[in-house]
């Protein structure tokens with residue numbers, strides 16, 4: 001059976017748009033996870049930051065972000081084509097150009113928003129919304145589009161060298177996690193997050209860091225958010241393949257989905273086994289709760305998803321199990337290291353996205369069929385070069401943005417503002433607690 005060209009173009013366009021809208025579901029997943037991980041009094045500010053990512057990202061990426069990423073290249077470093085900028089867009093362009101631009105722009109916008117949303121988890125409960133909007137603007141303007149140009153633009157210098165990043169393990173997750181890690185380090189921990197508290201165990205007392213005030217306020221939100229993100233990840237990875245009218249591409253889509261499932265599952269299992277081992281070493285009166293297991297499993301799933309993103313289209317399924325397991329182990333080690341260094345990351349966004357994004361980029365050079373397992377060491381060296389350059393560039397721009405804000409004391413909410421949020425939430429709770437009583441009295445009086 002033969003189809004005309006317009007019909008095939010329509011099928012591919014529908015496939016791309018459908019996956020793009022699925023990717024946008026990540027925003028809901030991240031919002032749920034962050035709302036579950038933070039203390040109740042900060043839920044509104046978390047949601048506002050997630051909305052800011054989408055709104056700022058849409059405007060910035062439309063005006064010039066897309067043009068920087070995919071415009072005509074200047075030496076493979078940065079691009080800009082006037083017709084790719086929303087400020088210069090004209091409906092008089094050919095219909096074919098409009099179709100390609102609109103669909104590709106929407107897809108890239110959802111991916112760009114994912115990168116900045118990662119930062120929100122790292123700086124939760126502390127960063128001023130004004131500072132966050134500025135930082136989001138900088139990421140969407142000077143960091144993400146430039147890295148995309150290097151890696152995904154056909155004329156980008158890393159792309160021409162052979163650097164591989166199938167769905168954004170480096171340009172999305174590693175960059176987002178790194179930006180979040182730098183920000184949370186500069187902002188410093190939440191008040192009293194690492195204070196020493198005395199805990200009683202039998203006849204003995206000992207000092208430990210932290211307190212139960214910083215436990216996730218709603219673990220079901222974290223789990224449900226993780227499932228939304230996992231679902232959206234299929235659009236993230238499978239949707240990278242554009243032409244689904246070719247039989248070989250349909251086979252690749254199946255491979256991508258399978259590797260995504262296997263890596264996520266292995267990441268979760270690794271976290272369960274490691275947590276169970278840690279639990280076996282703890283006293284009977286100090287065992288991990290089910291909340292800890294649920295949170296660890298959720299983070300293990302994300303670790304596996306991030307780790308496989310760079311090479312899920314060209315790796316044997318058996319090897320994807322190894323990638324996911326090492327990714328989860330990497331997350332657990334980095335998460336513990338941040339606590340030891342008293343770096344406060346409420347959602348473990350830096351260990352999950354930067355740690356596993358870094359590992360996933362390296363794993364691409366090792367386990368990709370064109371990498372070391374295929375007998376070629378060149379890809380591995382190119383991946384390392386790309387990591388070094390992108391990490392250095394991202395860190396430089398992030399510090400240029402954040403250090404002046406920190407110096408001007410415009411980056412973090414004050415302790416008084418933090419306390420006021422507690423008072424507001426308490427008053428709202430009291431009103432909600434009393435409201436049913438008043439309603440019952442009205443019913444009894446016949447109102």
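Quick reminder: no glycine exception, Cβ is built from N, Cα and C everywhere.
Whatever TrEMBL says is automated annotation, not expert-curated.
Listed features, source TrEMBL:
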DOMAIN    18-422  domain 'Ammonium transporter AmtB-like'
TRANSMEM  20-38  transmembrane segment
TRANSMEM  50-69  transmembrane segment
TRANSMEM  99-120  transmembrane segment
TRANSMEM  132-151  transmembrane segment
TRANSMEM  166-187  transmembrane segment
TRANSMEM  219-236  transmembrane segment
TRANSMEM  256-277  transmembrane segment
TRANSMEM  384-407  transmembrane segment
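Against the transmembrane segment (20-38), stretch 219-236 shows more Cβ pairs under 8 Å than any other of 132-151, 166-187, 219-236, 256-277, 384-407. The transmembrane segment (50-69) and the transmembrane segment (384-407) are not in contact, since fewer than 3 Cβ pairs between them lie under 8 Å (pairs 6 or more apart in sequence). The highest tally of CB pairs under 8 A with the transmembrane segment (384-407), across 99-120, 132-151, 219-236, 256-277, is held by 132-151.
Residues 9, 13, 16-17, 19-20, 23-24, 26-27, 30, 34, 46, 49-50, 53-54, 56-58, 61-62, 65-66, 69-70, 84, 89, 93, 132, 135-136, 139-140, 144-145, 148, 168, 171-173, 175-177, 179-180, 183, 236, 239, 349, 353 of the same chain sit 6 or more residues outside the transmembrane segment (99-120) yet have a Cβ under 8 Å from a Cβ within it.
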